[in-house]
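Asker: To start, I am sharing the structure in question, which I have written as structure tokens.
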Amino acid sequence: MEPQVQRPLPEDCQIAINQVASYELHISDAYSSMACYYNEEMGIPPFAKFFREQADVKREHAKQLLRYLRKHEGIVCLPVIKRPDIDNRGSGIQALESALQLENMLSKALQNLKILVCEKSEINLSGFVREFLDKQMKNIEYLEYHLVYQKELEELVQQEALFVKPAAKSDE
């Protein structure tokens, strides 16, 4: 039996894969910075672990995409994406909102790639991209959950502060 020869990917699919891989690396950079932002003195929120783990996951996703590209005789040419403004994170809510925005943009890029792949009848690539989209939806759900939780927590802290202040003044 003859080994199956991989046919080259259409050029527009190659470009789209390069864009998604570049964006995965972009998010990995942002998540690495976000994870390092939180330290023991500040208190480490539960989502900081997510940032740390996802930095590695996103880097690995980029490698998988580029390996797929090379396996199918594609050219690796990653577009440059401006480094995110991640030096001023502010509150946990701002970090989660930034992360959610990054994940939504990646999801859109993956959906566009999937549409292109379907148009080009690249069946193997379609299944490959679908796996990434499934993981992507889980990340978005996780971030949305933690964003709601963080907002509720902040609201409770503010309400408690209002309740405690008048009590402290009455002791004077």
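Here the Cβ of each residue, glycine as well, is placed from N, Cα and C on the backbone.
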Asker: Which of these, Gln14, Gln94, Gln111, Gln136, does TrEMBL list as part of the Fe cation site with Glu24, His61, Glu103?
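Answerer: The candidate from Gln14, Gln94, Gln111, Gln136 that TrEMBL ties to Fe cation along with Glu24, His61, Glu103 is Gln136.
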Asker: Hey, which of the binding-site residues Glu24, Glu103 is the loneliest by Cβ count within 10 Å?
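Answerer: Each of the binding-site residues Glu24, Glu103 was scored by Cβ atoms within 10 Å; lowest is Glu103.
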Asker: I need the most crowded of these binding-site residues: His61, Gln136. Count other C-beta atoms within 10 angstroms of each C-beta and give me the top one.
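Answerer: That would be His61, with the most Cβ atoms nearby.
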Asker: I need the neighbours of the Fe cation site defined by Glu24, His61, Glu103, Gln136. Which other residues of that chain put their C-beta within 8 angstroms of the C-beta centroid, in sequence order?
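Answerer: Other same-chain residues near the Fe cation site: Tyr23, Ile27, Val57, Lys58, Leu106, Ser107, Leu110, Phe132, Lys135, Asn139.
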